Amino acid sequence: MEPGPALAWLLLLSLLADCLKAAQSRDFTVKDIIYLHPSTTPYPGGFKCFTCEKAADNYECNRWAPDIYCPRETRYCYTQHTMEVTGNSISVTKRCVPLEECLSTGCRDSEHEGHKVCTSCCEGNICNLPLPRNETDATFATTSPINQTNGHPRCMSVIVSCLWLWLGLML
């Protein structure tokens with residue numbers, strides 16, 4: 001057999017395998033996000049979140065999420081996932097939020113038809129890709145301390161203590 005037809009079959013099978021793999025995937029990957037993140041931001045520390053209101057599932061939410069920056073007064077990406085007891089999605093809501101809306105993450109059973117509602121928050125650019133499905137996923141993930149206080153008083157006390165120690169050694 002000549003190498004030409006065999007190579008053509010190999011390429012055709014490879015293309016078919018890629019098409020089948022793409023057709024089966026109904027979720028976004030981190031690789032997809034690379035195309036959503038431009039190199040400039042409208043303000044220092046600007047970030048984006050997937051945003052949608054009551055989408056049917058995670059795919060529909062992430063697929064149609066507007067590609068815009070979060071308002072300056074927000075800092076976190078919020079996700080609320082309502083699902084059946086079987087785990088099938090009923091609705092997905094994602095948005096940019098301030099700290100106050102992230103203080104009650106976790107899962108709870110809804111009194112409405114036995115549904116489960118899981119809520120999560122995260123800090124970072126487009127960090128709300130996955131859905132919270134259980135207590136392990138329904139967390140508040142932050143990359144910086146929530147209680148950020150001005151560190152100068154502590155630094156000053158350390159500096160003064162070091163100066164006193166140094167002066168004591170010099171005398």
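Along the chain as shown, the residues are counted starting at 1.
For all residues, glycine too, the Cβ spot is worked out from N, Cα and C.
Just so it is clear, the model here is predicted, and its values are computed rather than measured.
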Exercise. If you have Swiss-Prot open, could you say which of C96, C102, C107 makes the disulfide with C118?
Key: C107
Quiz item: Using Cα coordinates, what distance in whole Å links C127 (disulfide bond) and C61 (disulfide bond)?
Solution: 14
Quiz item: Nearest to C96 (disulfide bond) in three-dimensional space, by Cα, is which of the disulfide-bonded residues C49, C52, C121, C122?
Solution: C49
Practice problem: Measuring C-alpha to C-alpha, could you say which of the disulfide-bonded residues C49, C61, C70, C102 are within 10 Å of C118 (disulfide bond)? | Solution: none
Quiz item: Could you count the residues of the domain 'UPAR/Ly6' (47-141) that DSSP puts in helix, in strand and in coil?
Solution: 11 helix, 34 strand, 50 coil
